[in-house]
Amino acid sequence: MITRTAILTALFSTASIHGFAPISIGQTIRISGNDSISISALSMASNANEIVQLKQGSTVALVTPMNTDGTIDFPSLRTILQFHKENKTDGLCILGTTGEASLLTMAERKAVLDVAVEEVKGSIPIMVGTGAIDPVAVREMTMQAIDCGCDASLVVSPPYIKPPQRGLIDHFTKMADLGLPVVVYNVPGRTAVDVLPETIGICAEHDNIVAVKEATGDVSRVQTIRGVTKGLKTPLLLYSGDDATEAEFVLKGGDGCISVTANVAPLAMHNMMMAGLQGDAAEAMRINETLESVHSNIFCEANPIPAKWALKRMGKITTGYCRPPLVELDESYFTLVEESLKKAGAL
């Protein structure tokens, strides 16, 4: 069966490739006879009315469990989804860097999203990484997320090609036009371009740009971004994307984090974010002290290599397998990561 998303993807892609007038939200497309599609925000989603709003607190940057043959381990995926449901995780970020999204096919992405929606839809908001270099690919992944019933897209600045700020504004706002709430992801350490606060301020004027994941580690950006977006009817949600500084980020006025550490310590991360949001600096920093070793050592090799080994050690997933060119954790780091888990109370 040809889905609404497939039709829309073809229309958007054809217009982009062949230089036709852009198709926009609100436009009605005539297909044949009396059949038409109205391109309205989320009109393409069968369960659009079930969108769950993003929350303050701890959002986990979820791993994608795999078998040793490289296939996705769906029983382990269900296990960790329930683990987060039971331990007060406030949001799921699926198919991001930690989820090895760039190494998955579109069919695999859909299978992961379908399982996530089945397991937690309605109880935890589901944010999906849809970033890529090519805007056509970003559109396709975003529309897939809509069709699967997800709640928001995490759109990273296109890596490697270093677009100027005006190009970033155009990119983020066009993705927001697709109708799914957008989280702008700024991680210059991976993309080689910094999404400046002033750029975020302009993007935030779009109703569907609802949050920012700020992964520079510069906690002063909380107040800078608040300053350039102070006129918004609905304030942007500001998430830290840097585990080492997330407690301070929230204490300075941020709304939470999108965390790798939360894979192994979800309840502690939730409690730390809640303490910070309530202004209890002493409690937030006390919890953070127990997690500092994990914050550091969960990145002892490229993400998500240590996180997957840690989850295997905790008995939450069956293997630490990562898709090539990523590999499993080097044996020399086993004790380091294990001791960090013990300090955090995860073992």
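Glycine too: its Cβ is placed from the backbone N, Cα and C atoms.
Because TrEMBL annotations are produced automatically, they should be read as predictions rather than curated entries.
Sequence annotations record features per position, and here TrEMBL assigns active site, proton donor/acceptor to TYR185. Summarising the annotation, TrEMBL assigns active site, schiff-base intermediate with substrate to LYS213. According to TrEMBL, the pyruvate binding site annotation covers THR98, ILE258. TrEMBL lists 1-19 with the feature signal peptide.
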Practice problem: May I ask which of the recorded positions THR98, TYR185, ILE258 is closest to LYS213 (active site, schiff-base intermediate with substrate) if we compare their C-alpha atoms? | Solution: TYR185
Quiz item: In sequence order, which residues at least six apart in the same chain have a CB under 8 Å from the CB of the residue listed as 'active site, proton donor/acceptor'?
Solution: GLY129, GLY131, LEU154, VAL155, VAL156, SER157, VAL212, LYS213, ALA215, GLY241
Exercise. Mind giving me a neighbour count for ILE258 (pyruvate binding site)? Other Cβ atoms within 10 Å of its Cβ, every protein chain shown.
Key: 28
Quiz item: 10 Å Cβ neighbour count around LYS213 (active site, schiff-base intermediate with substrate)?
Solution: 27
Quiz item: When you measure from the Cβ of THR98 (pyruvate binding site), which residues in the chain that are at least 6 apart have a Cβ under 8 Å away?
Solution: ALA61, LEU62, VAL63, VAL260, ASN263, ASN303, PRO304, ALA307
